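**Q** Pasting the relevant annotations from TrEMBL:
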DOMAIN    9-240  domain 'HpcH/HpaI aldolase/citrate lyase'
BINDING   R70, E136  substrate binding site
BINDING   E136, D163  Mg(2+) binding site
Amino acid sequence: MVDRQRPRRSCLAVPGSSPKMIDKARGLPADQVFLDLEDACAPLAKPEARKTIVAALNEGGWGEKVRVVRVNDWTTEWTYRDVVEVVEGAGANLDCIMLPKVQTAEQVHALDILLTQIEKTMGHEVGRIGIEAQIENARGLVNVDAIATASPRIETIIFGPADFMASINMKSLVVGEQPPGYDVGDAYHHILMRILMAARATDVQAIDGPYLQIRDIDGFRRVAGRSAALGFDGKWCLHPGQIDACNEVYSPRQEDYDHAENILDAYEWFTSEAGGKRGAAMLGDEMIDEASRKMALVIAGKGRAAGMRRTNRWTPPEE
Ligand code: GLV
Ligand code: MG
């Protein structure tokens, strides 16, 4: 079975038409790289970009990164050729296909069927290649639950704020920021929460999309911090300069990671024979129980996936 929960704090967008940027991406500390055949790739450059992408995947050197290719959406004439060329050419060296502007579960089915046929033809394991579904318009958001459950290949649901804002006529000039004249609450909260619920209900990852002001790292942190606080697993980076901030924002803070590991150790001891078989106990000033353990498991899991190390360790009280 494939690990569908690989770390994706930072998902770096790289135009599939640029061998230079693809080469550079290999050495960058992003958790995921996606080579783009869609909006960052001009129509006239797409046929050549398919070949560039196949060569780059087969050449390797991607380390632990999740390797993804974004194909064009099903309303264009390019999708089938994108999928056939890339997966026939480099299916063994590819983790997921990202499908943009998904509007219905059927669009996910169509990609699933095509992938299955190619995997069978090539003699590859059927179902290994995952699908990342981008929600970029009102229809996609309304159907997001069906989209998230449309195929066991689905690994992530991604918010595409630029296309989404255009699709709903939102009056903002800066992706991720508040529209002018809008000063109550958060214009994006509903969309982010809707995507997050669909993702969590089906155990897939929720990923936030791009922040276009690539030189404004404070702005990036502010917008990323919002989806990270809700529970999103990661965000896109459009520029190498956004990656460090991104990895930091979507990793637990050191003190929270230490605390989570300590809750797990302490709760294991308190519930044991030696610890008095207690289901609720005090850790310092904090009451911990089974629900605390579940919360701690989430933080500890994210910290471990990010390679964090403990800087302090709880030990059972001396009798
Ligand atoms: C990403 O594809 C976006 O439209 O924001
Ligand atoms: Mg888009």
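Using N, Cα and C of the backbone, Cβ positions are placed for all residues, glycine too.
Bear in mind that TrEMBL entries carry predicted annotations, made automatically and left uncurated.
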**Q** Take the Cβ of R70 (substrate binding site) and count every other Cβ within 10 Å, whichever protein chain it belongs to.
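**A** Total other Cβ atoms inside 10 Å, all chains included: 26.
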**Q** Comparing the binding-site residues E136, D163, which residue's C-beta has the most other C-beta atoms within 10 angstroms in this structure?
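**A** Result for the most crowded candidate: E136.
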**Q** In DSSP terms, helix, strand or coil for R70 (substrate binding site)?
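**A** DSSP assigns R70 (substrate binding site) to strand.
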**Q** Mind looking up the mean pLDDT for the domain 'HpcH/HpaI aldolase/citrate lyase' (9-240) in the predicted model?
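**A** On average, pLDDT over the domain 'HpcH/HpaI aldolase/citrate lyase' (9-240) sits at 94.
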**Q** For E136 (substrate binding site), what is the secondary structure by DSSP, using just helix, strand and coil?
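**A** Its secondary structure by DSSP: coil.
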**Q** With the Cβ atom as the reference point and anything under 6 Å counting, tell me which of the binding-site residues (R70, E136, D163) are near ligand 1.
**A** E136, D163
**Q** Between E136 (substrate binding site) and D163 (Mg(2+) binding site), how far is it from one CA atom to the other, in Å?
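**A** The separation of the Cα atoms works out to 5 Å.
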**Q** How big is the gap, in Å, between the Cα of D163 (Mg(2+) binding site) and that of R70 (substrate binding site), rounded to a whole number?
**A** 15
